[in-house]
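The structure appears below as structure tokens.
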Amino acid sequence: QDEETQHSLECIQANQIFPRKQLIREDENLQVPFIELHGESTEYVGRAEDAIIALSNYRLHIKFKESVVNVPLQLIESVECRDIFQLHLTCKDCKVIRCQFSTFEQCQDWLKRLNNAIRPPSKIEDLFSFAYHAWCMEVYASEKEQHGDLCRPGEHVTSRFKNEVERMGFDMNNAWRISNINEKYKLCGSYPQEIIVPAWITDKELESVASFRSWKRIPAVVYRHQSNGAVISRCGQPEVSWWGWRNADDEHLVQSVAKACASDSRSNGNRLMNGNCSRDFSNGGDLSDVEFDSSISNASGAESLAIQPQKLLILDARSYAAAVANRAKGGGCECPEYYPNCEVVFMGMANIHSIRKSFQSLRLLCTQMPDPGNWLSALESTKWLQHLSVLLKSALLVVHAVDRDQRPVLVHCSDGWDRTPQIVALAKLLLDPYYRTTEGFQVLVETEWLDFGHKFADRCGHGENSDDLNERCPVFLQWLDCVHQLQRQFPCSFEFNEAFLVKLVQHTYSCLFGTFLCNNAKERGEKHTQERTCSVWSLLRAANKAFKNLLYSSQSESVLYPVCHVRNLMLWSAVYLPCSSPSTPADDTCAPYPVPGSSPEDQPLGRLPKTRSFDNLTTACDSSVPTTNRRSSDPSLNEKWQEHRRSLELSSLGNPGDDPFDGDGPCKQGRAPVGAELSVAAGVAEGQMENILQEATTEDVGLEEHLRGSLETGGKGEEMALDKKRTEGLHG
């Protein structure tokens, strides 16, 4: 009865708290050009020059004659008027939208509407994810049980901490214990309620350590190597300040991590020697490219028995200069003299302000008319790929320490919620094949990014009154870009494909789902986002065939060792360049809620046509584009590329259709005779960008050659000597 009462209240909320707004039409003959999601209400429909433009409480929709722009409002970063009659919209995922109007007054009216629509919410309930969930609860009241299953993440996510402790084989009898010192977030508001620490460390000592670490983010163990017992821990910087403060309990805890590893490994029959890197960077020097290569190639693995604990590696994501400069603000870094049997390495990763500047330069480059002669040098000047390279090197150093040298690692930056999760999550992805499965990747994101307090609301700009532009930075997007680089180098090692990552980029910002709302788990608990919004994993679930990597092999490499140099990295064209999103099959199982009167088996797979608009990237949130008479509309696509795209289709899965469409919402209607396309070979970039990013002299390569080349390499980054054109054509 209590459940029925609660459900009735939710239905009332849908009507009273999220009422539909009255539609305003510039012309009485205009109709809403898309099918609305549950809880979505269109507020304005008008005419632009050669287009129909519509604005709802969730999206901006512009329907041109031959293409469609469909973008969630929260994905738009800024709107400005250019050339008097043109609106210029800059998106958070690197895209730029331009819309021309017939009159200056009309342009100004839409400028005001959009600026009002995209401003950060005054209260979190103003975000569309709450209305979406509430209205879905009402619409599917008769199918509440089924709705609940699809709305929530799986048990592997909800019980992730307990499952992970068991899966990684922590010795909870002698070496480690689970501390509840942060129950109800009373110690640290940005940490999970349960953390793993050495068994003999008391909660009183942890309180002392918290007073010495930035934001009380104490060293917490987040990963254990199942073979040798080495662990990865993470924390905030020590608050040394100019006064050179010390904390005996902090020093004891850090040393205890190494001792617990030795105890844990002995209990598992693995006695290890005291490992040392080939170079000692504890003097505060940054790790250069030459030194990085030397440390990777020259150090030997641990092979004999040990009496002493392993030498713990403290990996500081910052440069030595930045770490020392932080002492002026009360921060700092560990002094090796006070942390015996520890080694400190500084990776020199840029802060959020440098990353934001680099991303803005990349966005400007990708939205300008390309200059074939200078484009690659302009790309280099953005430093985006250089930043990716440093991040990959940092994660690889952790992997070598844990897997090869069998040493424990402690990772931190300044606060421990930006560069730290990037390094730790990437290292875990390289070390453990479980995280390269769809379910494991969900657990990885939930644990390292959400549980440990990455500030999604501030970094993405969709938090309450989060209008401080200095706090915004595509930190999570940068990490997903690194995951994409790994997918390219190891095409058989990931269960999910590139389209999975592209959707995740979109929904990091879209606010259709509540997964990435707020800055930490404490805030999400206070706002009851888990109960009041839908999980993005209900869309990106393992059973969704649209995001399956058909090359995946569970027998691929256990530990991945990628090539990290800039020359081996590639621009993520599916996200940053227009007209190059990977195709994803159209399938109603993409919807987080069931469509009445249909079953998933009724819907064939298909592919999205590529257009000059941003339709491919933003259809993550659209379920309403008409399913007739839409074809590839980019005039720069010549017959050669059309034939190349057709050669990639798998005729055995169906016939090519004119207009397949994939949508994430529950309101998709109708079917189109659509075909299918192998998601890992979804075609090549179009238009002039082809001549810039790919070598024009290379002959076209068919699907079989792509697959054969990928399988022959076995996922080894060093052996993937694919020319630029072949790798650019491999999506997923």
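For all residues, glycine too, the Cβ spot is worked out from N, Cα and C.
As given in TrEMBL:
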type     : residues                                                                                               : note
DOMAIN   : 155-576                                                                                                : domain 'Myotubularin phosphatase'
BINDING  : Asn326, Arg327, Ala328, Lys329, Asn351, Ile352, Cys413, Ser414, Asp415, Gly416, Trp417, Asp418, Arg419 : substrate binding site
ACT_SITE : Cys413                                                                                                 : active site, phosphocysteine intermediate
REGION   : 590-671                                                                                                : region 'Disordered'
COMPBIAS : 614-636                                                                                                : compositional bias 'Polar residues'
COMPBIAS : 654-666                                                                                                : compositional bias 'Low complexity'
REGION   : 696-732                                                                                                : region 'Disordered'
COMPBIAS : 703-732                                                                                                : compositional bias 'Basic and acidic residues'
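Counting other C-beta atoms within 10 Å of each candidate's C-beta, the binding-site residues Ala328, Cys413 are led by Cys413.
Packing around Arg419 (substrate binding site) is summarised by its Cβ count: 28 other Cβ atoms lie within 10 angstroms of its Cβ, all protein chains included.
Sequence-distant neighbours of Asp415 (substrate binding site) (same chain, 6+ apart, CB under 8 A from its CB) are Ser214, Trp215, Arg217, Gly236, Gln237.
Cβ-based neighbour count (10 Å, all protein chains) for Asn351 (substrate binding site) stands at 16. Between the farthest pair of Cα atoms in the substrate binding residues (Asn326, Arg327, Ala328, Lys329, Asn351, Ile352, Cys413, Ser414, Asp415, Gly416, Trp417, Asp418, Arg419), the distance is 20 Å. Sequence-distant neighbours of Trp417 (substrate binding site) (same chain, six or more apart, CB under 8 Å from its CB) are Ser190, Arg217, Phe452, Gly453, His454, Lys455, listed in sequence order. Every protein chain considered, the tally of other Cβ atoms within 10 Å of the Cβ of Asn326 (substrate binding site) stands at 21.
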